[in-house]
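Novice: Next up is a structure, given as structure tokens.
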């Protein structure tokens, strides 16, 4: 028996045995850089670009370029990793791209300093950096740490001028990259490169044709639900900082505190959900509860006047609960769809992720286009909505779009026929 075969058998036995605590820890920290930078990306990118003078349409182009690059990179990177392996090499290369490009976005426009400060150069520079960042993110694939950093920065550094604003985000970016890269180092130090060449049943890999999934109605149902769930989270996250500052006129620290409350409540609910023994009916029920909860949160956001802004902290806690209920169950539905067809899971996850990235990018671009043509109306004297009945694009982006998406998602979920297979989904994760 050759060395490779011995290594394969060792890896196979390791897969079948329980995973120790240290490997779980090392794997857990491997995504820290991605999560920190991703949270900053969706929460603060549009606000940062608007604060430094980019038009809403140009800011949307930057975001869209990143989403498109992410969508294609996710599919192609997954295919290349499946073919050639070397997972840690891909992870390390992706982490380098994330660190360099992320600092290029929030650290300032370098080409603008070299060539000119025209809007075309700025938009192109940030768009290229956004594309590189998302490609790196796809290759590499705890968020509350980011908001702790942001809370300190926004409280300590005042943002009265463009230079001050750039300094704020520069500190957030560099601190996030430093912390994230430390965890990337821990991951690579403690994680061994997988060498498994065969499936856990000992059979050679036989890839399932894409046509197999296109013939399944559940593929389209799960795809719609997952894409809508991601749309709810990403679009609402992108407009959250705009809303608390421009619509509710809250303190600058609220840009970090409100998202932190959302993530903390999501984290708590996610931990509690690990104790649930999942069945198809329970997945549908929990998702529906989260979707309906988001509908009420969306209505509250649209109608909330600025003189009642303190209630945004309460709403944010419910948003976090709704996000956790929807995301955990939507991802679990993907697992139910794949079932025992593990050789086709790469296409399922890759294709749905692609649709998620593109749809979010297009949605944000459309909303920002309306933002460009909107004529802001001053809030009413009593702190409510303006007397003309004007509702900002920000309120629609944070309230209406997620609420409608959640409602449609609930409707699609109720039509599903989910049959869970024996395995991890039907047992509590913390047994």
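Every residue, even glycine, has its Cβ placed from backbone N, Cα and C.
Automated prediction, rather than curation, is the source of TrEMBL annotations.
Since the structure is predicted, the reported quantities are computational estimates derived from the model, not experimental observations.
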Novice: Looking at the ranges 256-273, 346-363, 364-381, 382-399, which is given as transmembrane segment in TrEMBL?
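Specialist: Per TrEMBL, the stretch marked transmembrane segment is 256-273.
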Novice: According to TrEMBL, which of these ranges is transmembrane segment: 171-189, 190-208?
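Specialist: Range annotated as transmembrane segment by TrEMBL: 171-189.
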Novice: Looking at 56-82, 218-244, I want to know which stretch TrEMBL calls transmembrane segment.
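Specialist: The range carrying the transmembrane segment annotation in TrEMBL is 218-244.
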Novice: Check the transmembrane segment (256-273) against the transmembrane segment (171-189) for contact, please; criterion is three or more CB pairs under 8 Å, pairs 6 or more apart in sequence.
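Specialist: No, since the transmembrane segment (256-273) and the transmembrane segment (171-189) share fewer than 3 Cβ pairs closer than 8 Å, they do not count as touching.
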Novice: Hey, which bits of the same chain come close to the transmembrane segment (171-189), Cβ under 8 Å, at least six residues off its ends?
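Specialist: Hits for the transmembrane segment (171-189): 26-27, 29-30, 32-34, 36-37, 40, 44, 88, 91-92, 95, 98-99, 102-103, 105-107, 140, 145-146, 149-150, 153, 157.
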